[in-house]
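According to Swiss-Prot, the GTP binding site annotation covers 11, 12, 13, 14, 15, 16, 17, 18.
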């Protein structure tokens, strides 16, 4: 039996993907059956971190070492990730959500529809307020765009109003939100998005 929802979490290195996965797990683990697959190029660092901080029980977390280009492992040849997801689904047949965190990649990264049902794409304010208008599949076509680290805007000279305008223009009707995952600001918007996807999922 497959999980009700396979949710990809992608974005550049350091944008806050692992922080988002941890926050989702901590907030929803008491009401949903969750599991996580992380991707790193040469290590299992993110999986080890999530285990160390107790985001979920260790047996619900899988680390995938992609080698080479992390984009390939979630798009062109996602077999290693699909195997990890299917293994979790066999071990936990009542899973509601499997979160698949990509390795850090560029704005062109996107998940194969064979691997995930929906994708959250995470960027951060520290990369500059021009990022939303640069476009790319993550910016324009992800199911939810998360603009993280809003607390750093003043420190890096980023204008949140510019980012708001550009994100709205680039995404049209697709949702997006600001977050500061360190403090939890904006997390409710992400959780609400995730929960809204579940009731209509096929069993």
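Note that Cβ sites are derived from N, Cα and C of the backbone, with glycine treated the same way.
Residue 14 (GTP binding site): 15 other CB atoms within 10 A of its CB, across all protein chains.
A simple way to gauge crowding: the CB of residue 16 (GTP binding site) has 24 other CB atoms within 10 angstroms, across all the protein chains here. Cβ-based crowding with a 10 Å cutoff singles out 11 as the top-ranked of the binding-site residues 11, 12. Secondary structure at residue 11 (GTP binding site), taken from DSSP and collapsed to helix, strand or coil, is coil. On its own chain, residue 15 (GTP binding site) has 104, 122, 123, 124, 127, 148, 149 as residues at least 6 apart in sequence with a Cβ closer than 8 Å to its own Cβ.
According to its DSSP assignment, residue 16 (GTP binding site) is coil.
Counting neighbouring Cβ atoms within 10 Å of each of the binding-site residues (13, 17, 18), the lowest count belongs to 13.
Surrounding the centroid of the Cβ atoms of 11, 12, 13, 14, 15, 16, 17, 18, where the record places GTP, the chain contributes additional residues within 8 Å, namely 104, 122, 124, 148.
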